[in-house]
Amino acid sequence: MNYLIRVNLDIDPDKTKNNPRFKEVVEVIDGFVNQSDKVILLAHRGRPKGVQKKLSLEPFTDKIKNATGQNIKFFGGFEFKEIRREIEKGSERVYLLENLRFLNGEVKNSKGLAKKLASLGDEYINDDFGTSHRAHASISAITKYLPSQIGPHFKEEISFLKSFTEKPLRPLILVVGGAKSEDKLAVVESLLDNVDKVILGGGPANTLLKASGVDVGGSIYDPKLAKNMGWLINHPKVSLPIDWKENRGRILDVGPDTIKMHTKILEEANSVIWSGPIGFFEKEKFSAGTENIIDSLTKINPPISLVGGGDTVASLNLLSSKKLPEELHISTGGSAMLTYLAGKELPALTALDQNV
């Protein structure tokens with residue numbers, strides 16, 4: 001049996017240690033590889049326009065080999081007939097295709113590409129919760145051409161999120177930051193009735209600050225949303241930064257008064273949903289806002305918190321000097337997590353439900 005498995009390698013190949021996404025990839029390989037079965041990994045990294053060598057998946061080859069003890073063959077091109085022949089005659093148990101987003105058909109949910117991918121395996125498994133909110137060829141269309149099932153980690157994630165939404169402890173605070181504004185602000189709008197307060201940072205906050213007339217300079221923000229989502233500015237549940245730290249005209253973190261405001265809000269929380277760093281946490285002088293959120297999570301009693309997204313998890317690994325509570329659930333998806341919590345469709349789940 002050749003298992004075609006969609007996994008999440010949208011991470012820095014030099015930072016796989018203690019990374020939840022990479023850990024899940026290793027676990028799913030261990031779970032499906034045996035003497036008679038082979039695993040073909042499908043994944044993406046970043047948002048490339050065409051082929052970008054810096055976003056190749058090749059650096060993961062040795063990382064996966066060292067973590068699983070399995071020899072792994074990497075395919076740097078997309079000659080699917082040749083790839084199939086190599087898999088059929090190869091002695092390796094694990095195969096990794098190049099970044100699927102190098103192909104235009106991936107993000108367009110191309111049936112043609114989906115058929116070619118499906119030709120490489122006997123059964124399709126989606127274990128990539130983090131990209132489940134995307135209707136892409138290796139996530140959605142592919143399920144029409146192979147027997148398909150949900151992967152173990154994806155299934156676990158949905159189970160936890162379902163239980164979290166059924167009986168959330170109040171007050172429930174939503175914290176949203178990061179660079180991506182479009183997906184996140186749309187979900188914030190959908191979640192407003194279900195949460196008690198929303199703390200905004202990063203791109204989403206900059207977008208609304210721009211809408212309110214603040215000169216955000218070269219900061220990350222969404223100009224289209226700045227025109228359409230301005231009504232959120234004065235919403236009683238939405239907390240925007242009241243001061244910030246800049247560098248060369250770019251807002252890179254919240255200021256001390258905003259941190260005090262965030263602390264006061266989070267002191268009242270009994271549960272928190274967090275997706276996206278508050279600032280440019282990789283630089284110490286712009287990490288205070290994100291660090292304050294992490295510190296607040298360790299003080300919630302009972303500490304029922306849900307944290308999701310690659311950058312959010314990276315900030316936890318980099319900035320957390322305290323032992324994080326066991327009740328803290330770390331999700332491998334940020335926007336996917338918020339999309340599910342908002343009751344919106346996850347194309348991956350829809351495709352699996354229709355074709356399992």
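Note: Cβ is positioned from N, Cα and C throughout, glycine not excepted.
Note that the structure is a prediction, hence the values are computed from the model and not measured.
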Q.
For the ATP site that TrEMBL describes with Lys184, Gly309, Gly310, Asp311, Thr312, which of these is also annotated: Glu282, Glu284, Glu291?
A. Glu282
Q) Per residue, counting other C-beta atoms within 10 angstroms of the C-beta, which of the binding-site residues Glu282, Asp311 reaches the highest number? A) Asp311
Q: Provide the number of Cβ atoms within 10 Å of the Cβ of Lys184 (ATP binding site), excluding the reference atom itself.
A: 27
